[in-house]
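According to TrEMBL:
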DOMAIN    A:140-203  domain 'CBS'
DOMAIN    A:204-263  domain 'CBS'
TRANSMEM  A:287-308  transmembrane segment
TRANSMEM  A:314-340  transmembrane segment
TRANSMEM  A:361-382  transmembrane segment
TRANSMEM  A:388-410  transmembrane segment
TRANSMEM  A:422-449  transmembrane segment
There are 2 protein chains.
Amino acid sequence: MNEPTTLEHLQAVSDSLESGATMQIKYLLNGALPAQDVARLLESSPPRERKLLWGLIDHTNQGEVLPYVSEEISIQFMKSMDTERLLAVSEHFDNDDLADILQQLPETLVKEVLASMTAQNRARMEALLSYSEDSAGGLMNTDTITIRPNITVDIVFRFLRRHSELPEMTDSLLVVSRTDRFLGMLPLTKLLVADADATVRDIMETECDVIYADQDAAEVAQLFEKMDLVSAPVIDPETKKLLGRITIDDVVDVIRDEAEHSMLSMAGLDDDEDTFAPIIQTSKRRAVWLGINLVTAFTASYVIGLFQDTLDKVVALAILMPIVASMGGIAGSQVLTLVIRGIALNQIGNANAKWLLNREIIVGLINGTLWAAVIAALTYMWFGDMQIAYVIAGAIVINLLFAALTGTLLPIALKKLGIDPALAGSVILTTVTDVVGFLSFLGLATIFLI
Amino acid sequence: MNEPTTLEHLQAVSDSLESGATMQIKYLLNGALPAQDVARLLESSPPRERKLLWGLIDHTNQGEVLPYVSEEISIQFMKSMDTERLLAVSEHFDNDDLADILQQLPETLVKEVLASMTAQNRARMEALLSYSEDSAGGLMNTDTITIRPNITVDIVFRFLRRHSELPEMTDSLLVVSRTDRFLGMLPLTKLLVADADATVRDIMETECDVIYADQDAAEVAQLFEKMDLVSAPVIDPETKKLLGRITIDDVVDVIRDEAEHSMLSMAGLDDDEDTFAPIIQTSKRRAVWLGINLVTAFTASYVIGLFQDTLDKVVALAILMPIVASMGGIAGSQVLTLVIRGIALNQIGNANAKWLLNREIIVGLINGTLWAAVIAALTYMWFGDMQIAYVIAGAIVINLLFAALTGTLLPIALKKLGIDPALAGSVILTTVTDVVGFLSFLGLATIFLI
């Protein structure tokens, strides 16, 4: 019931913008809609409308909205603010999100923001800034509630009641030693059913999943998914001191980014792609990818050019050759997609890669033979030439085998070389299936038909 | 630190299987590794090893492991069980997950499982079975803790202490009327800092996000993401009675599935694809997709065939024509991927579709012109023929324009028709960019060169 309304609001806002009814929009943007919905509205608006809407949000409300806007867009807005307003809005951010954004703002601005903070907050922020955005340290927040192991449940309750509110997503209290070393966790669900006289040490969990600040964000996400966590403590890998905690809301973003990353990269798009990015920005990004693929396309054409004489003699070959290349491309990208997902899910290692390669080769042979027969039959019906039918059948089998080999081994090899398989994989695969497709088809034709 | 070990364990288990050291594997599978890791191990194993490993897990432990194994694989295991064991393992499942699986088991088995349940549990399970797996009702669990609005905080604490433990992921108590109508929520973080004499009504939150049982799972996921929820109450859309709650761990699965769905569908793969599915199953699934794409390939060939005489006269056309089709395909799939993601994120509606189409047409024109110039220059250098260079430049611009149009409008239209844009989109797009590419290039050539 909630989601469609964002698009409905967008329609309403868009209509109001056209008719100049800014009062209504102002009303919607400044309190009538929750900040999260206003953020969605901004993300779903083209650049000009986005700027207009942003200008209609009161300065005091802009700070509420900004933390929910996607990073790329909020950085744009923040770059245009003076220091004073930047400081005002930055107070609304969680520390981890603010750190991500500060890392992308001009250094002078960052210094001013840091200088305006309390000493304690600045120390925390500087610690966060020292971690990469893609590490556990970059996902971490410092809003933990810590307790000592020797106090009783009754005292814990009294200690909690001294807070006016507990941080959001607090599902556990973290137990630390006097020197801040992490000792264990006390889930609220356990605290609430505990005996008032029991000590924290009696009831705390010590076998819990801890995260080291230098761990990869993707690993953290997999741990949360596997263990169904809501929050987890982050520890300094050297001193074993508690640094903060990671909560599921930040992990959900990582999971979505990871899962989208493969799809977007395979089409040469950026991860943080703004659907409504302006024309120039979009053109530049797309142009690079088209240029890279042009190399592939000309390579394939070069291969065809080698067989100019053959093509000159049998024009049917020119008509049929895209079929061989296209079937190889489709078969290869199925394997590639599956293996890229398997690598992202950490499912594929030395122990099972060989089995996977074997299966793909056999599947390639089975489907190659099946479709080679179908294509040969269709070719014979079309051109009435049995020899061309044999040649195309042979080429299909060869290309589907190469597609299986490349689709399986390429992403595994790229991963080992530290190259993103999703980004480089699809271009290289297409090059292979195009080149092998044209080479095998026109090569076999030159041998058997001419 | 956690994830790499799954692959390491896999290597160790695989080595032990080869050397026949089953005692060690049994030790790992029956307690030494957490159930979640055993599940990952099973998912990352080829069929034969998977079966062997499963057989090495004690019957009592199989029930612990199964809920963490992906649905497709656990259904396979459960289909081979007799009723007694099926009943034993089903006790380990959350109600919502069990309902998903029961929906895919033979009806006689399901009846026996239901008959073995207590009357209360059976009634709940039958209610869950009435909802589709993709609805909020299908995601819901019935393990809520409900309280009345008129009791004091002190009594709430005493009531909670009577439980031996609270359900996992309990972050709120749900406040209901005497007739079970949902009234509000009391977050634990609020309860813990509340005054002992306050009543639940005083401190409960009434402006909370509720979910109706018939809502779409994807909508639920978007609500959780937007509002950073850990759990949310599920309400009967008619009676407004509380039915249960949805927790973030189930939503995380939906988010991953949604995000992966587009990528897998675009390659014609199943959503719940088992990376290590056996050969026959894999071949069948892939064959269907190859067959569909063959229609595209032959359509493109048919178009080329129309220009047989032109090709016969100028062989350079045969060499260059794949470039036009391929550049269109790449440009189109960039747009398609972006729009499919935008639709999945509910960002694209009538209010902004027109702007998007405009932008894509302009971007297509800019990049079309840019790359047309580059390709024309390269063509002239290769063949020394200015006319062919003009013709290919014209065809590139035309095809990139069509790619922009199709990439934007096709997924929006498919969505409106209730067809999955990720599944049908890529095939139709390729057909368009191939056909338009060959038609414009060979057509222009026929007009200007012959």
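Glycine is no exception: its Cβ is also placed from the backbone N, Cα and C atoms.
Confidence for the domain 'CBS' (A:204-263), expressed as mean pLDDT, is 91. Only residues 6 or more beyond the boundaries of the transmembrane segment (A:361-382), in the same chain, are considered here, and those with a CB under 8 A from a CB of the stretch are 320, 323, 327, 331, 388-390, 392-394, 396-401, 403-405. Secondary structure of the domain 'CBS' (A:140-203), assigned with DSSP and counted as helix (H, G, I), strand (E, B) and coil, comes to 17 helix, 17 strand, 30 coil.
Across the domain 'CBS' (A:204-263), the DSSP tally of helix, strand and coil residues reads 27 helix, 16 strand, 17 coil.
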